Structure formats: C-alpha cells, structure tokens
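Q: For reference, the structure I am asking about is given below.
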Amino acid sequence: MPIPIQKTFTYSVTDEEYNFLKKGMRVAVSFGKTKLFTGLVFNIHQKAPILYEAKDIHQILDDKPLVNEHQLKHWQWIANYYICALGDVFRASLPSAFLLESETIVYKNEAFINENELEDDEFLIFEALQHQSQLTIHQVADILGKKKVMPIVNELIKKSAIYIQEKIYEQYKPKLVKYVRLHSDYTSDDSLNSLLEDLSRAKKQRVAVLTFFQLSTSKKPIKAKDLETTANVSSAVLKSLVDKNIFEFYEIQTDRINFKGDTNTLKTLNEFQEKAYSEIKETFTKKDVTLLHGITSSGKTEIYTKLIQEVLDDGKQVLFLLPEIALTTQIITRLQFYFGEQISVFHSKYSMNERVEVWNNVLENKTKAQIILGARSSIFLPFSNLGLIVVDEEHETSYKQFEPSPRYNARDAAIVLSKMHQAKILLGSATPSLESYFNAQQNKYGFVVLNRRFNNVQLPKIELIDVKEKHKKKEMKGHFSDRLLKLIQEALDEKEQVILFQNRRGYSPIVECKTCGVAPQCPNCDVSLTFHKFRHELRCHYCSYQRAMPNSCSACGSNTLDTKGFGTEQIELELKELFPDYKIGRMDLDTTRGKFGYQKIIGAFEAREIDVLVGTQMLSKGLDFDNVTLVGILNADTMLNFPDFRAHERAYQMMVQVSGRAGRNKKQGNVAIQTYNPYHQILQQVSTTNYTEMYKEQLQERWQFKYPPYYRLIKITLKHRDYNKVDSGVNWLFKALYASFGEHVLGPTAPAVSRIRNQYIKNIVIKIPPKQSLANTKNQVAKIKNTFEAVKDFRPIRFIMDVDAY
DNA sequence: AGCACGCCGACT
DNA sequence: GTCGGCGTGCTC
Ligand SMILES: [Zn+2]
Ligand SMILES: [Zn+2]
C-alpha cells in the first residue's frame, strides 16, 4: 500500500484472478473502513492468514505489470537502506496519476418521500441533492458549514433518504488528436466526382475537400487542425462535412511531448577525450562504477555520448542523471542533436500526464525512451534493460532528497540500480565529491582523469582580491574593488560578457524597521518573512503564510519599514551607475519567475543582449556561454564560514564550477574572487584549481573530526508543536543513544530554523565508525526508537531518520 | 498517512 | 447542550 506502514497486506483473489495477476500489477482494494486505495501486488501465494480474514480485492487495474521485478528489488533496498516503509518508496516512485484513491459520493434515494422525518441539517443535504445529483463529503461539509458530517450522513442513510458510494476517478487523460478521413461512402472515383458537384454551392466546404485531397497525397493521416489551417476554414465547416457523411473524425492517442528535428553523427573525440574514453572502457572491464574527473570544459559530454551510442547499439537503455537545475534546454538540445527522438526527458516540472507517458514509454521499452535524461526521481522509472547510467555533476547535493521520505541519494541509489541490471555506471564531475574520489582512490571505483580543456583552451586565470586591504586603501566602490571594476571594463571594451556571482545566503529580500531593527516574523515559523515586490506582500518560505506589506512597524509603531532587496538587486543598481552604457541583467528568484522567465534571461544573455549578468549559483549549472571572459565572485567568505562539515568542500566545488564559466572559447578567461581572507587554504586551492591538495587536506580533517567518507552519519530529527515535549524527548533520546554509541552521538541541536509550521525541531547525529556495521547500528537505533515510542509522552513526536544525511 | 472513535474544554 | 480539538488505535 502507498502509505508509510512497514507491513504488507493480504487480500484474497479468485482462481481466475490468481492466474491473471502478476507481481507489479496494481489492484484497487478496500482499505480501512470505507476507502478504496491503489495497492501494488507484491507477492502472490496460497497461505491464507489465520488471525484475520483477508478481504477480496475490488478490481485489477492493469493487464500487465506496471512495475517490474528489478524495481521491486530496488525499492526494497531503498526502504531498507534509508529506513523507511516500502509504501513510501512506492508512493515516491509512481507518477501520482497511477495512485488512484476513492472519494465518498452521496446520492439521493429517489424513492424517499418522508421529508418531514428529517432534521434541519439532514433536510439541507437532502434538498441540495434535488439540484445536484451527487455530492462529495467535502461538499456536504461546505453546505452545512461543519467539519463533522458523517453522523448526519449516516442518519440519512438509516432513514433511507440517501446512499453513498466510493468512486475512483482516472486521473491520467490520454491526449487525443482529432484526425479527418473520407467517409466510407466516398471511396470510389464516381462518388468523388459527384461529391464535388454536390458541393459547388458550398464554397468553403468545397475548398476543404479539395485541400483534403491535396494533403492526402502525402499518404499520412490528416489532422483536423492541419486541414483547417491549410484550407483556411473554420472547424464548423469540417463539422458540417462530417454531418453530411462526407468526412468522418477519428482520434489517435498521442504523447504530449514529441521530438521533431534531425539528428547528427557524433563528433569525433580529440586525443585526450579519446584517451579518457578508452580508459573508461578499460576500467569497465574490471569495475562497474567509474569516476571521471574531467575539468570544466574538458568535453565530458562528448565522451558520454560515445558511450551512450555504444550501449544503444547493444540494444540497451541508458539513464543520464543530472541535477534538477542543470537540466536546461541547452543540455537537452545538445543531446537531442545526436540522439533525437530516442531521448525522453523526465523532470519534476513535468505534468502528471507527461510523467505517465514517459513511464509507459520506458516500461514498453519504446524507441523514444532508449535514453532517459532526468533528474533525481528518474531512477524510479521502469527500466527493464539498462546498459549504462551516467551521473553527471556527481558531487551535486541536490541528488539527495530530504523531504519527504524516502530520503535517498539518487547517485547512490543509481549505483545499486546499475548492479541490479548488471549495467555500468559512470560518475562525472569537474569537482568530485570527496566520498566518490575516496572510493576511487580506494580502488572501489574505476578512475579516469581528463585534465585538458576542449580546444586546448587554458583554464582561467584566477585572482584573489583582498577586500580588507582595498577597504583600508579606500579602493572599494560599494561592493566592488577597483581591480574588479578594471577587469569588468576591460572585458566590456573587448565586447565580451561578464558574469558576477553573489551568494544567496543572507540575501533574501526581507523587511526591517530602521528605528528598532525588528523584522516581521512568520507567526508559524522561526524566520523573517520575505518581501515579494511584485505583489507587494510578505511571505514565508517554509509555510504558505502571506500578508499584505504593513505600513508601520509592529514592534515600535514607527513607519520606517525598509525593504532590503535581493543581494543581486543591490549589485545590479550599483552596476547600472558604474556602467551606464551597458546592459545589466539579473538572475534570481525574482527575475526568473514564471514559466519562461529563466529561459528568457538565458536567451538574452546568449544573444548578447546583456553585457553583465548578476546572479546566484543557479547560473553556474548546465550552462555554457562562449563569450564570457570574466567571472567575478563578489563575496567568497560567506560560503567558507558556513557551519557544516562539508562547507569547505562545497565552497571549493562552487567556486571552481563558477570559474569554469570563464573563457570557454579561444581566449583565456579571468576569474576575480573578492575576499577578506585571501590566505584561506580553500581559496588558495581554488586559485590554482588544485583538487588533489584540497582533497588531501579535507580528507585529513574528515578523519580527524570523524566525518564521511570515513564515518557514516545518521541524522535523527524530532518534531512537535510543543517545545517542551520535543526538548524532553530529545534529551531522553540523546541519553539512550549515548548509552549505546557514546561519544559518537552529537547533539542535541536546534537547526537554524528551529520552528516550521508551528513544529519545533531538534536534531541528533549518530556517527558510525568505519568498522562498525551499518545494519547493526540501524537495528540498535530502531530498538531505541521503539523504546522511545513506548513512552506515552513521546508518542506524538514525529521521529525522522535520515541515513547519509549530507 | 488517513480515518474513526472517544474524551474534554469552550462557546451559543 | 453541541462543536471542534486532539490523542489513540487500526488498517488485510
Ligand atoms: Zn512560516
Ligand atoms: Zn520598529
């Protein structure tokens, strides 16, 4: 069942159903008192339960399995590894349209006449049913303006005034395209001639018929829409031709997303790519997982495409994973250029219907689903025959899902998936995660390096600018040092483009009182509200709270409320003053609103309509701009001082990735990093792009402070509306865990946002030493969890476990 | 998770 | 007195 319960549920089936059903088919079953749910057949057996009587199933929903055995195995691994219910994985895997749920519908009993038997509320419902043939329970609640309506509904049923039924609605709507063909009466030539004569007076209709014949020469089915536009007639004209039995309409089910265009042969690899390629092939003979460490702009994608082509030629499917934000039109187009319609994209932005179609195409192993280019959740698609998985930007933290359960890491789950298919998996990155690099060094993974940029473009020159010094010498203008301004001017003089990065942290647009410094807070969460300029209101990021922008400060009453814009907005303003003759663009949550907002800015920048683009990290993912020669990082320090054991690793990755945007063409690019701390080891390592040094140093620290990749982490989060409850709960839990794991338990701590949606939050982290068994540790934690939940006071506290919580 | 059931405080 | 809030237990 698609619910967070550990057990499976047993239903009884008839002989006929028994013979028909297969694992992985969906069945509608009654679950609980009334509800119909979508369950998935997990096992078919003949051991009738003794302690209870199994219910019959309601209906079989599929005629062949929707989920295959590889997936069922994979789900079990995820549920077991990430400590969640199989139902959680089930729910996360399937597009929601596949998970039908019933709704209770109320109907009037036509034979009922004793209206005067009814109480006021009962009569209200009965009367509503005179006007509307059916009501949902929700509608009933609305009519009565009450929350508890079931007693009243039940009373009405007892009096035989109404009856109820559980209805399931199909959510997936196939897209049907209307086509036109000639009615069967008119297939002979004679009839056709007389037809045109008949239409001599109906001019438009005649045109429509003639156009139809013209279009028919291509022997392809003719869409009604196409006929209308080509013949320049309205749909009414076609309709009347159908009414006259001259044409007839028919419908064909079509996919919502289809590729149209040509494909091209693969580019030949340069000698360095070729070398890396053959090394990967070589490692694949010994290892199933290989890490490709290829510097930015080294042409990793071409290597991937060559590997993909080979797997396709072998008749196998390919999964190409990318972080959500890197799944841009640019990369999609680039792959479609080679593989055309063999690629399907899978995205969280896809509609439910689109996802269903991709799912079905993968399930049926259709031509158009040979390569799946997808984000995190595409690991759940029903692959039957995977030959290769590519995980690009392997280091990206967005591969980890945090909320809701299952809290899986798609890269790691993909490695397991590849094992199940006996497929190969390639992890690629210019800045590998420490854990993957470590695995490669330990010889667990194959390892291939590509350290030459494509077209032999040099790595950019990276310069650290000491902002403290600049301030002292009064060489700062707002956020800019004179040196950075000079570099910008030089680039602009050469008609080149510039990207400037501003870290997002601490720069969301909030409102603050100038008199007392108080910022309006969310009433449900422990955060300041953010200001949304376009609607002039205040909103909370964590819950859906919103309110109009107040006129005066709620704390001191003065009307000195000041709106602080995005950090990027401030930078943009400064730039407009400093470079009035150039076009300045800005990319942040504010300007990328709307469906095409993002694409519009990127498009304008690509078309060189924008000279300087200011943005957050979102700019650095999955985009190539060939005219950018300067990249500036305005404040490197915020990243370095972040309290997280991975802060330094991430800062390195982010800065190197961002630097990679500079000088993708012939000319060597420049990167300028402004910092208060130019001697920070990470900045030094960034400035020389010295990954190995960063790796060694960070690894040393991880060992010293007992962090991954040496130690594993399990994070436990407790949530409850009552602060004291969480607090005493978390202290109890800490003591219990400490008794088992001693100093390897950290906490308890409150997260940066310690209350969300009126739920107080506390964390505890358990570190698992290299030699300690993960399975045993999980069992011990599970035991402690059981004891915890046996305490009456703690039972209502939400207990969340997150394995590899980083 | 969702839902029914039952207990308890707070309003007409 | 009713209504809604919330803890409790259960789902084949
Ligand atoms: Zn909030
Ligand atoms: Zn104030």
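Placement of Cβ uses the backbone N, Cα and C atoms for every residue, glycine included.
Pasting the relevant annotations from TrEMBL:
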BINDING   A:CYS513, A:CYS516, A:CYS553, A:CYS556  Zn(2+) 1 binding site
BINDING   A:CYS522, A:CYS525, A:CYS540, A:CYS543  Zn(2+) 2 binding site
DOMAIN    A:281-450  domain 'Helicase ATP-binding'
DOMAIN    A:537-714  domain 'Helicase C-terminal'
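What's the neighbourhood like for these features in this structure?
A: When other Cβ atoms within 10 Å of the Cβ of A:CYS553 (Zn(2+) 1 binding site) are tallied across all protein chains shown, the result is 22. In the three-state DSSP scheme, A:CYS553 (Zn(2+) 1 binding site) is classed as coil.
Close to A:CYS543 (Zn(2+) 2 binding site) in the fold, though at least 6 residues off in sequence, lie A:CYS522, A:ASN524, A:CYS525, A:ILE756, A:ARG757, each with a CB less than 8 Å from its CB. In the three-state DSSP classification, A:CYS543 (Zn(2+) 2 binding site) falls within coil.
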Q: With the cut-off set at 10 Å between Cβ atoms, which of these binding-site residues ends up with the most neighbours? Options: A:CYS516, A:CYS522, A:CYS540, A:CYS556.
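A: Of A:CYS516, A:CYS522, A:CYS540, A:CYS556, the one with the most crowded Cβ is A:CYS522.
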Q: Under 6 Å from ligand 1 by C-beta, which of these binding-site residues make it: A:CYS516, A:CYS522, A:CYS525, A:CYS543, A:CYS553, A:CYS556? Sequence order, please.
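A: With ligand 1 as the reference and 6 Å as the Cβ limit, the list reads A:CYS522, A:CYS525, A:CYS543.
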Q: Using Cα coordinates, what distance in whole Å links A:CYS553 (Zn(2+) 1 binding site) and A:CYS540 (Zn(2+) 2 binding site)?
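A: That separation, Cα to Cα, works out to 18 Å.
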Q: Using only C-alpha positions, which one of A:CYS513, A:CYS516, A:CYS556 is spatially nearest A:CYS540 (Zn(2+) 2 binding site)? These are the binding-site residues in the record.
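A: For A:CYS540 (Zn(2+) 2 binding site), the spatially nearest of the binding-site residues is A:CYS513.
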Q: Setting A:CYS513, A:CYS516, A:CYS553, A:CYS556 aside, what same-chain residues sit with their Cβ within 8 Å of the center of the Cβ atoms that define the Zn(2+) 1 site, listed in sequence order?
A: A:LYS514, A:THR515, A:GLY517, A:VAL518, A:SER554, A:ALA555, A:GLY557, A:SER558, A:THR560, A:LEU561
Q: Tell me the Cβ contacts of A:CYS513 (Zn(2+) 1 binding site) under 8 Å, same chain only and six or more apart in sequence, or just say none.
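A: Listed in sequence order, they are A:ALA519, A:CYS553, A:ALA555, A:CYS556, A:SER558, A:THR560, A:LEU561, A:ASP562.
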